[in-house]
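These features come from TrEMBL:
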ACT_SITE  A:S142  active site, charge relay system
ACT_SITE  A:H184  active site, charge relay system
ACT_SITE  A:E211  active site, charge relay system
Number of protein chains: 2
Amino acid sequence: MNSQTAPLSKKSMIPKGLLVAIGGKEDKENDLQILSTVMSLVNKEKKKIEIITTASQHPKEVGSDYYRIFTKDPNHTVGLLHISTREQAADVSFLERISEADVIFFTGGDQLRITSILGGSPIEGEILRRYREEFCIIAGTSAGASAMSKTMINGGDSREALRKGTISVSSGIGLVDNAIIDTHFVERGRFSRLMQTVSMNPRNTGIGLGEDSGIVIEEGCILKAIGGGITVILDGQNLKYTNVANINSDESIAIENLVIHTIVDGYGYDLCRKRYLKPDDLRRMHLGESEENTNENN
Amino acid sequence: MNSQTAPLSKKSMIPKGLLVAIGGKEDKENDLQILSTVMSLVNKEKKKIEIITTASQHPKEVGSDYYRIFTKDPNHTVGLLHISTREQAADVSFLERISEADVIFFTGGDQLRITSILGGSPIEGEILRRYREEFCIIAGTSAGASAMSKTMINGGDSREALRKGTISVSSGIGLVDNAIIDTHFVERGRFSRLMQTVSMNPRNTGIGLGEDSGIVIEEGCILKAIGGGITVILDGQNLKYTNVANINSDESIAIENLVIHTIVDGYGYDLCRKRYLKPDDLRRMHLGESEENTNENN
């Protein structure tokens, strides 16, 4: 971890874990670029991986795909956590497995299943604690990525978006603060629904993950794009005006001045400082050459 | 016409005509808000309207819809110009009708039909001349709107966009300079293809017209939103970086800093000064109170 990527808040608030948010439909047959990256983040030969299938109504089918991939390396210990009730979300043996996992992987499905089953549960508490206090990887794809943010989009048709009341938002797990993560983003043309959500509270940065692409989030701030696709960043901090508070339900939303970026493999974005990071910027950060890092590391 | 809306170039370059670009699927059955607005721009009881069906492969069906609507007012003289060959695009009797029309209306279909049949023809020349030199209305919906800009998107799937080479662009009629007009915009999630096109040459402002919504363009600069939908403005003038010149075909495009707005009925945008216009700004302009207009009009 590099001290120069510390968030603006207190150092003690910097999470020790890493997040990997994936836009869905990551490659599972060929070079497995994204899933391999998830594994490569743990510098251990024998990794413990737990797959949480809570999002899916077909947990066994969904889980077996990832089980097959992650057990290709015989050194890995892979478990499936088919948590589908609030009782199971408090299960002591499940809790122990979460406590010991190097990688906790959330599959796709419906993000409302994740939050309604895990929200406020001991399992969720332990995931949040470990992310804050210990090095571990929390990864999620599709619904598993959407649920990571504190504010979570759980429904709404992009074709009908930019009209008041058409997008449904609720509380996510809250691993990522001040951001809203949407998935299948370019492929399902979800720009309008993320614009609408960001304009309703521009403190939140919109993160639109394309399919077969994702981001690694370091220290709660530094996003690094991975995979073959595109991640869209929607920055509302310079929003000048919106009519959203003055119109009725279903009326069209006027918005002045959102900033939009795309990042691809090798590029990044600093969520805390709202700064675009080119490959050279990321390299400098890892060499400890950023402007914030002067003599401390010498 | 208000002198304060003059573009930054010479006054003699200010077109005397008005453009109305419509995003497709405008209401044809109920209150006809957009089509009525087109008619209301001509301050004459007896209006001459010519419908150009060139974009469509089913010109009679498409034309008859608009013929029915525009002839509801018995004072109107409505003609159908089924121009489907280069020979017809030079027809002297058609040319005469174009010269005398108060409203020239382009239907939807395929914008490449418009440009490949009319491009460089006497009919196109006369439309461009009239727009520059005389008060008249040139309106177009869907393909008829897309063809208005100098740079025209003619194909490309938004779901595959933001990868080099996936969007097809050619020359439009050229009524609107320094802009690219896309249609069915929110409904078909076309943000990615317009972002890609604008980032390839950020001199062009992207205009994404939603369905049942449109813009009136005054003096080649001032866009005023009409209809019930949303128009998206994509301003590339502060683009800081893109990798598009350095990547291979089909690779993902990184883009830093595009600005995005939405305008709805009552709002506008100054294409020449890249300025968002709220209802109050538009009112002030019509009262001759803008900063550019000091003593000239008093």
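From the backbone N, Cα and C atoms, a Cβ is placed for every residue, glycine too.
Note that the coordinates shown come from a computational prediction; the quantities given were computed from them, not determined experimentally.
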Determine, from DSSP, whether A:E211 (active site, charge relay system) sits in helix, strand or coil.
coil
What three-state secondary structure does DSSP assign to A:S142 (active site, charge relay system)?
coil
Quick one: give me the count of other CB atoms within 10 A of the CB of A:H184 (active site, charge relay system).
20
